[in-house]
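Student: What Swiss-Prot shows for this protein is this:
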- Tyr138, Gln196, Asn219: NAD(+) binding site (BINDING)
- Ser245, Gln267, His270, His335, Asp368, Glu422, His427: substrate binding site (BINDING)
- Gln267, His270, Asp368, His427: Zn(2+) binding site (BINDING)
- Glu334: active site, proton acceptor (ACT_SITE)
- His335: active site, proton acceptor (ACT_SITE)
Amino acid sequence: MADNTNSTGSFSTLVDWQRCSVEEQRQLLTRPAISASDRITAVVSDILTNVKSRGDGALRDYSAQFDKVQVDAIRITDAEIAAASARLGDEVKQAMAIAVRNIETFHNAQKLPIVDIETQPGVRCQQITRPIATVGLYIPGGSAPLPSTVLMLGTPSRIAGCRRVVLCSPPPIADEILYAAQLCGIKEVFQLGGAQAIAAMAFGTDSVPKVDKIFGPGNAYVTEAKRQVSQQLDGAAIDMPAGPSEVLVIADSGATPAFVASDLLSQAEHGPDSQVILLTPDAVMAKAVADAVEEQLTQLSRADIARQALASSRVIVARDLAQCIEISNQYGPEHLIIQTRDAESLVDSITSAGSVFLGDWSPESAGDYASGTNHVLPTYGYTSTYSSLGLADFQKRMTVQQLTPQGLLQLAPTIEILAQAEQLTAHKNAVTLRVAALKEQA
């Protein structure tokens, strides 16, 4: 294990993976704990119950309590959205337009063809998709509003054909968020934040319509509220489990340390519980990146936040690139950046990652904003079972089958035997009666 002497907490330590025990290796890939405390769970449960029983009155009380805002009209008017659009500069509008164009292009390409096939003569099976009727989008506010998340959620919901799209964001809602909503054709915007916004969308109030599925990131209270409503019969489905943002960078000896450092810091500045990991077979590169991180930190407006994140982050020196991939697959990062000389050749070996960025010229921020891929990604190891958000998340699949008389006659013995094996007599009879009717007609 080698040390350097800069002051970025544990990120200043270069860890030799080969010299670590299995338990030490496991600890190195452990994420910061995010389990909701009993207090958060109880507070959120009370908020959900209160909103369910008191509706808009509870929403106004919580806005005053948590957001320090007296909200009269919960819904933002068309005039307010138009005014926000007028205040916003053309430069930002043009940037959003380009981002939307690329997001549209990528998500349009995800449309599934209808599956229509005869599995055997006279037995036709189809798979068709339908949009989820009503979806709710939660967009965080505060010191760093996220209009890009509006684009990432609003664009696929529109392409999918969702009949109703509801957006909630804490008051006062930033002009950028309101304009992004307008750009995506979202007309129902509500100035609501926190667990109360999730409750309003899950259960519905006089002002806020009940939705079928809720999308979007948030703090610990929002995350816990989404978890709770997804487990209630009268609640709503959710996009995916959420955790702090994270990135893992694999760099070889030819990588540019400043580029690698900038990508690591792009995630570290998200929040103190973010985690960033550098994997490299080159100890010289590892030290150069650690030094570049320290140098760039001094230029960041959110340097204090980034430093806190770096305290639970890692610089790991592996045996070779193959081992880097093995470690990355074990960790399953939200963002995986591969800055190697033949990055594309490694893709087939990657089994778990939310979004992958190949080469020196593919910064993680490109995917965050404008390349076209979605930036709503599984975190906290959920990449082993969850996918990046896409068009399919705003849709549902249905299957259709149609049997001709001859098709049923051919398949009937198979169905009857299996139904009998499971001792489901009515299932068997549904076939036997039809077969008898067909034989009478013959």
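For all residues, glycine too, the Cβ spot is worked out from N, Cα and C.
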Student: Provide, as an integer number of angstrom, the distance between the C-alpha atoms of Gln267 (substrate binding site) and Gln196 (NAD(+) binding site).
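Tutor: Roughly 28 Å, rounded to the nearest whole number.
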Student: At 10 angstroms around each C-beta, which of the recorded positions Glu334, Asp368 has the fewest other C-beta atoms nearby?
Tutor: Asp368
Student: Round to the nearest Å and give the CA-to-CA distance linking His335 (substrate binding site) with Tyr138 (NAD(+) binding site).
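Tutor: Between the Cα atoms of His335 (substrate binding site) and Tyr138 (NAD(+) binding site), the distance comes to 22 Å.
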Student: Cα distance, Ser245 (substrate binding site) to Glu334 (active site, proton acceptor), nearest Å?
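Tutor: That comes out at 7 Å between the alpha carbons.
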Student: Sorry to bug you, but what's the C-alpha spacing from Tyr138 (NAD(+) binding site) to His427 (substrate binding site), rounded to the closest Å?
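Tutor: The Cα atom of His427 (substrate binding site) is 45 Å away from the Cα atom of Tyr138 (NAD(+) binding site).
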Student: Which binding-site residues are spatial neighbours of Asn219 (NAD(+) binding site) here, meaning Cα within 10 Å, out of Ser245, His270, Asp368, Glu422?
Tutor: none
Student: Restricting to the chain of Ser245 (substrate binding site) and a gap of 6 or more, list residues whose Cβ falls under 8 Å of its Cβ, or answer none.
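Tutor: In sequence order, the residues whose Cβ lies under 8 Å from that of Ser245 (substrate binding site) (at least 6 apart) are Gln267, His270, Gly271, Ser274, Glu334, His335, Thr379.
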Student: Can you list the residues of the same chain, besides Tyr138, Gln196, Asn219, whose Cβ falls within 8 Å of the NAD(+) site's Cβ centroid?
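Tutor: Not counting the recorded site residues, we get Pro140, Cys168, Pro170, Leu192, Gly193, Gly194, Ala195, Ala197, Ile198, Gly218, Tyr221, Val222, Ala225.
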Student: Relative to the Cβ of Gln196 (NAD(+) binding site), which residues of the same chain, six or more apart in sequence, are found under 8 Å away?
Tutor: Ile47, Val51, Ala58, Leu59, Tyr62, Ser63, Phe66
Student: Across the record's NAD(+)-binding residues Tyr138, Gln196, Asn219, the largest CA-CA distance in angstrom?
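Tutor: So the maximum pairwise Cα distance among the NAD(+) binders is 12 Å.
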